[in-house]
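Undergrad: Quick paste from TrEMBL:
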type: DOMAIN; residues: 49-82; note: domain 'WW'
type: COMPBIAS; residues: 96-111; note: compositional bias 'Basic and acidic residues'
type: REGION; residues: 96-120; note: region 'Disordered'
Amino acid sequence: ELRSAADRLEANVDYEPTEEEVREYAAWLGMDADRDKDLLWIARRGLRTPLPDPWRPCESSDGEIFYFNPDTGESKWDHPCDDVLRELYLKERAKQAKELQESERRNKAGEDFGSPLSPV
């Protein structure tokens, strides 16, 4: 029987997050779950990402989860992958914004020159 939240976290390799958990984690990463629906895969991936070696989940005396790296002695409250996932989200958002801007520019250029099929 698993005795602590940290043990449960470490043992749960086939974890499938709920939609509510995905939306909450998305908000934690800086996403707007409604606006960024097509990017929620990043939050889902983050919730399923195992801790990188040698990080280990630990539980504080008041039941809070934190992460500990026994090789370096570093401990942190945030999952070690949070920053990487936040950066991935920002890159994907920037890519989408650029694609939208280019699409709008192409559409505007098409309007400026008229359709090749329109009568002159």
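Any Cβ shown, glycine's included, is placed from N, Cα and C.
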Undergrad: Could you put numbers on the helix, strand and coil content of the compositional bias 'Basic and acidic residues' (96-111), residue by residue per DSSP?
TA: 16 helix, 0 strand, 0 coil
Undergrad: Please work out the helix, strand and coil residue numbers for the domain 'WW' (49-82) from the DSSP assignment.
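TA: Within the domain 'WW' (49-82) the tally stands at 1 helix, 10 strand, 23 coil.
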